[in-house]
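Reading through the structure tokens given below for one structure.
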There are 2 protein chains.
Amino acid sequence: MTKSISVGLLGLGTVGSGVVKIIENHQDKLSHQVGCPVTVKKVVVKNIDKVRDVEISSEKLSTNVEDVIHNPDVDVVIEVMGGVEETRDYILTALRNKKHVVTANKDLMAVYGSELLTVASENGCDLFYEASVAGGIPILRGLADGLASDRITKMMGIVNGTTNFILTKMTKEGSAYEEVLKEAQELGYAEADPTSDVGGLDAARKMAILATLGFSMKIDLDDVQVQGITEVTEEDLQYSKQLGYTVKLIGYAHRDGDNVEVSVQPTLLADTHPLASVSDEYNAVYVYGEAVGETMFYGPGAGSLPTATAVVSDLVGVMKNLRLGVNGKSAVTPQFPKQLKTEDQKFSKHFLRIHVKDQVGAFAKLTTLFSERGVSFEKIIQLPVTGSELAEIVVVTHKTSQKDYEEILQQLRDLPIVENVKSSYRVEGVGIV
Amino acid sequence: MTKSISVGLLGLGTVGSGVVKIIENHQDKLSHQVGCPVTVKKVVVKNIDKVRDVEISSEKLSTNVEDVIHNPDVDVVIEVMGGVEETRDYILTALRNKKHVVTANKDLMAVYGSELLTVASENGCDLFYEASVAGGIPILRGLADGLASDRITKMMGIVNGTTNFILTKMTKEGSAYEEVLKEAQELGYAEADPTSDVGGLDAARKMAILATLGFSMKIDLDDVQVQGITEVTEEDLQYSKQLGYTVKLIGYAHRDGDNVEVSVQPTLLADTHPLASVSDEYNAVYVYGEAVGETMFYGPGAGSLPTATAVVSDLVGVMKNLRLGVNGKSAVTPQFPKQLKTEDQKFSKHFLRIHVKDQVGAFAKLTTLFSERGVSFEKIIQLPVTGSELAEIVVVTHKTSQKDYEEILQQLRDLPIVENVKSSYRVEGVGIV
């Protein structure tokens, strides 16, 4: 059996401890898979004396990052400390020192992923980051495998557990957003400051990572159009249900020839869409490839055990490549120039809920506005608004360009009979395109 | 770069041609992943002169199986010819000649899988068979990866596209089984002789393969309790819908400590179950592991492109192991003795539809029969049967043992007020256990 492969960890929180435990407890299985043993050489922590729920000899602990990233005995660096700017520097140094890197850090990968992958490739190193997107789902490996003999044109993901938990509860119980958010915070499903989850930023980071890999284009966080769930109301969810849809916060990435669009937004999914039944804190990513067709990966999006498991799977990948002598080749660095779609190249159906003055001819004025641009309705509900002189109109349009739709919205707002545009969401049917 | 790895194919039908094409068209990507090139050395066909939709020089073709399985230049045998008995002999010979094998043959693996895996392991050879279960879904790799650091206790699969297509159509259109089967045959979704699909045998084979790998026990085809979809009526589907369920042909594998049960049967799934929205010819496998929790893999179950892609992925796995010198170690041969659950160890909810004489006290007699065994009802519908003196009663029971349920069924049939037990299916809620 060949020489042991040595691992250095940056961080020993719940994920880091999980990784150390799996490596200790599965030594036999790991060496069987790889053909050589693996050892944890050094672990960088903030406080050496802290009581931890994993056994590790104190001489393996250090408070000095250099002891891992400059350590000639460390082959693979596992980064589970979090953070962006400083962490980027550490990983760059590790890669330049010819160390392979496994990271669970989505904030880092969303912002500096392409740079880090390029440096990894230049140094003949692997940089694996499966745990950064939907911990319990082997989606990046699935995409990479698929890419070897397929072309991916569309990805849709429920990639944030907090917002999916909130929307599921709102839908099931008919409760208001604030109420459910509070409950989610008490249950530990939402942070005290939930902004990055409910505002869509967390999902946007993951979509930037997925789209970069899946389309082999450098998709930056700024390229992702983001709308969170804070404005979604009980009424929106109830109407959606009535019309046969489920509302989810959907990360959407679509390629049309060389043009690409990536967004995160509350979306009405047809109830029969595979993603519609992904409930509570679960995540799922739906992928369309030209050869394989539709596939979906479903599982826990977070949690220390699933995430640690994903990190160890990546470590096994690095170790296999080390022994094969093929490191730095399997990482896919963006190959194609990025061309973001313009508003007239984006097409979808839309859900629109508006309040209009309950006058004769009001509805006719609306329909004229839409039909002038060739947009017709697929579904319509009209009801009086109790205790007012207003009527509530809910429509689902047929497919229209984003450009036409925005212009219609603007004109609607200017119509004297329109009191208020209450809400507007993207609608996704079943099947592809 | 190291010496090329040579492949021999048994069979050159649509899947075999797909494999050859992928190998030819993705040479660069494949050698990048593995660290050496791959060559198709020899292909065994029935008829050399047949016109094919893949280019291959005639000296690579042979009608003699020996040219592959005894060929000292062949490292990996890809079996895509089908068949069971003869094919088993070929693969055994290949393995004994130290050739690694990739197969897409579920009939073979369901019957001789454990034997072949053992012989492979004894000869230090890999035997990979991802394409034998749900071609487009990397489920076996998912299970094997998961197994490295988890314990799988439950699997549920929609693993037959034909029956899922039929049940989906029956549910959507309210049509009768025979009618939809005919349509499926015309569309090419069902064979002229659909017995092995609609009778559940095809699904049972795949479940035997999945359970053997997932539980690491030798599950034989005979261990799988099988009920097909031929008796499922429009009425069953309509009542299920009304009660919030979707009927699917579900392959079910459950481990409880050392005891195991595997079945294939029409099952009512709660509409919110992730498998409930898997429609048409699609397949999906839902897996519960103690560490990772619930995951699901969804995709096309068949088709020559997805299947060929799965075969090539397996080939890449074999080639990596070859270069690592770890062949014959990643294949999981059954480790644990098999203990099939007895009827009093199997628990589930049940859907029951019966016709009773419409008399005072009829329903009370039924409930007494159930309550005497501590079984209560979760949902009840009672309606008169038009044009008769009968009432139709549909119930969903709370969880009960199979033993109690069978005895209740027997007693029901003996009750004078019971005209007919129309149907009875397993019911699966959301979540685990």
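Each Cβ is built from the backbone N, Cα and C atoms, and glycine gets one as well.
Residues or ranges marked as active site, proton donor in TrEMBL: B:Lys206. In three-state terms derived from DSSP, B:Lys206 (active site, proton donor) belongs to a helical segment.
Just so you know, the Cβ of B:Leu10 (NADP(+) binding site) picks up 26 other Cβ atoms within 10 Å once every protein chain is counted. In three-state terms derived from DSSP, B:Leu10 (NADP(+) binding site) belongs to an extended strand segment. Among the features that TrEMBL reports, NADP(+) binding site is placed at B:Leu10, B:Gly11, B:Leu12, B:Gly13, B:Thr14, B:Val15, B:Gly16, B:Ser17.
DSSP assigns B:Lys106 (NADPH binding site) to a helical segment in the three-state reduction. Residues or ranges marked as NADPH binding site in TrEMBL: B:Lys106.
Under the heading L-homoserine binding site, TrEMBL lists B:Glu191. Every protein chain shown contributes to the tally, and the Cβ of B:Glu191 (L-homoserine binding site) ends up with 14 other Cβ atoms within 10 Å. B:Glu191 (L-homoserine binding site) falls within neither a helix nor a strand when secondary structure is assigned with DSSP, and so counts as coil.
As annotated by TrEMBL, domain 'ACT' applies to B:351-426. Counting residue by residue with DSSP, the domain 'ACT' (B:351-426) contains 23 helix, 34 strand, 19 coil.
Neighbour counts of Cβ atoms within 10 Å were compared for the binding-site residues B:Leu12, B:Val15, and the top value is held by B:Val15.
In terms of C-alpha distance, the listed recorded positions B:Leu12, B:Gly13, B:Thr14, B:Val15, B:Lys206 place B:Lys206 closest to B:Lys106 (NADPH binding site).
Listed recorded positions: B:Lys106, B:Lys206; maximum Cβ neighbour count within 10 Å falls on B:Lys206. Residues B:Leu9, B:Gly18, B:Val19, B:Val80, B:Met81 surround the recorded NADP(+) site, their Cβ atoms falling within 8 Å of the Cβ centroid of B:Leu10, B:Gly11, B:Leu12, B:Gly13, B:Thr14, B:Val15, B:Gly16, B:Ser17, which are themselves excluded.
Between B:Val15 (NADP(+) binding site) and B:Glu191 (L-homoserine binding site), the C-alpha separation comes to 18 Å. Restricting the average to the domain 'ACT' (B:351-426) gives a pLDDT of 92. In this structure, B:Gly13 is the one among the binding-site residues B:Gly11, B:Gly13, B:Gly16 with the smallest number of other Cβ atoms inside 10 Å of its Cβ. B:Ser17 (NADP(+) binding site) carries a helical DSSP state (H, G or I). Between the binding-site residues B:Thr14, B:Ser17, B:Ser17 has the most other Cβ atoms inside 10 Å of its own Cβ, all protein chains included.
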